[in-house]
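Enquirer: Dumping what TrEMBL says about this protein:
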| type | residues | note |
| --- | --- | --- |
| ACT_SITE | HIS167 | active site |
| ACT_SITE | CYS209 | active site, nucleophile |
| DOMAIN | 361-457 | domain 'Legumain prodomain' |
| SIGNAL | 1-28 | signal peptide |
Amino acid sequence: MMSSSYVSLVPFLLLLLTALMMAAVSESRRSFQEILLQSGGVAATDGTQWAVLVAGSSGYYNYRHQADVCHAYQILKENGLKDENIIVFMYDDIAENEENPTKGIIINKPNGPDVYHGVPKDYTGDETTAANLYAVLLGNKTALSGGSGKVLNSGPNDHVFFYYTDHGSTGLVCMPVGDYIYANDLMNVLKQMEKAKKYMNMVIYIESCESGSMLQGLLPKDMGIYATTASNANESSWGYYCPDDPSAKYDTCLGDLYSIAWMEDSDAHNLGTETLRDQYLTVKKRTNLSHVMQYGNMALSEAFLSTYMGQSPKKVSSVPLDELSPSNSLAVPQRDADLIFFQRQVQKAPKGSVESAEAQKTLDEQMARRSHADRSINQIVNHLFGDSNAASILTAVRPEEQPVVDDWDCLKTFVRTYEQYCGRLSEYGMQYTRAMANMCNAGVDKDRMVAASIQACSGKA
Ligand SMILES: *[C@@H]1O[C@H](CO)[C@@H](O)[C@H](O)[C@H]1NC(C)=O
Ligand SMILES: *[C@@H]1O[C@H](CO)[C@@H](O)[C@H](O)[C@H]1NC(C)=O
Ligand SMILES: *[C@@H]1O[C@H](CO)[C@@H](O)[C@H](O)[C@H]1NC(C)=O
């Protein structure tokens, strides 16, 4: 080559240049595509927009999570996503619940519109399991158990939006039925999806307590995924629009702070001119009781919301968020929102009535379950670490670049062991998975955890 004349060098240089450009393009394929999309200012891509929406709870006192998911569906539907591309997990025990003052209707804010109509009932009741969710994400119909059979049939040109809302804790989030979703299992599914080219890019929004722990130290920056969470890895997320005076129509919180923040923002704006990053900043500002976090591939946050959520041709409004909703609505930590409901049941019942006694009994049982969890975990930790070191095991948090636990099988084993001897971790007791993660990180082995659990709970579960 060195001896080639100038003229014969030209094709070679062109080839080299082309090769270099192709390498550059393929390396930054994702962000490049996004930029193209933006400069065109168009909503749709060549591919299809898919969404998976998951409410992880059941029970009227958890009304808000299913309300959030219904609302999310309405946003996507209004902006042009097709029902065949929106997959919904909700237990579906709210609309017709005997406690619901407006049967057949679910709202997501006081005096808000019905968000229940039209919501596809893909996975409801006993079908709302982690296993079915993984099958849906992987597009694996044979792995499904029940349900509509709808799965992510997406390909390499498609965009996927995944929204989850419910209770969670260090390293996991709940499903209404069966096993928890552990962060490492979700991450493995996302990696398998990437391998199977099930998306060009994906956006994940997660609301739960310690939701940052689902992605912290786990979601690589070079995958085609951008995510935000309601809270960092060590704090609560918040129920919102909770009943704040005795005359309130609904005895339960109607939404969650981070969730209503992104959805009311999406409701109010043209999704074709607002970027994911704009929305993150707006949501972060409004969600002032926890730290809204970002994870994954930040370049993707420059894309317009319409890339994932569609775009309604008629939408032009631009209402400042502050004007949208009552300014001082009651917010309650996720894990205490159930007590509001149970307390209101007691207050509402006529004094001395059978209902009053029953409501009081339910509230007492809830409180007793909380004390049992507090006591059990404290005894386990004291048994293993001694009184003086126990506090740090209960409260230690890892730096923001690290996953909350190194040995995920250990965390799963400890949760299972605890539940075997001390009873199911309730939504309240789930907060103690942080202690379990810290015990794993401190090198406690299974035998010692079993012994400590028996010692703390044997015969008391
Ligand atoms: C789908 O799930 C079934 C049942 O769990 C499993 O045997 C199969 O290998 C899965 N298929 C793919 C492509 O992962
Ligand atoms: C959060 O924002 C709300 C609404 O703007 C405000 O009423 C409340 O005082 C704020 N709370 C905190 C802790 O800053
Ligand atoms: C834990 O959460 C608090 C806020 O609740 C935050 O200030 C702190 O930086 C967090 N620590 C870590 C290590 O994430």
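Indices start at 1 and increase along the chain as displayed.
Glycine is treated like the rest: Cβ placed from N, Cα and C.
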Enquirer: Three-state secondary structure of HIS167 (active site) from DSSP?
Expert: coil
Enquirer: When DSSP states are grouped into helix, strand and coil, how many residues of the domain 'Legumain prodomain' (361-457) land in each?
Expert: 74 helix, 0 strand, 23 coil
Enquirer: Any idea what the Cα distance is from HIS167 (active site) over to CYS209 (active site, nucleophile), rounded to a whole Å?
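Expert: Just about 6 Å between their Cα atoms.
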Enquirer: Might you list, by sequence position, any residue in that chain lying six or more from the residue listed as 'active site, nucleophile' with a Cβ less than 8 Å away from its Cβ?
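Expert: In sequence order, HIS167, GLY168, SER169, SER231, GLU235, SER236, SER237, PRO333, GLN334, ARG335, MET430, GLN431 meet the Cβ cut-off.
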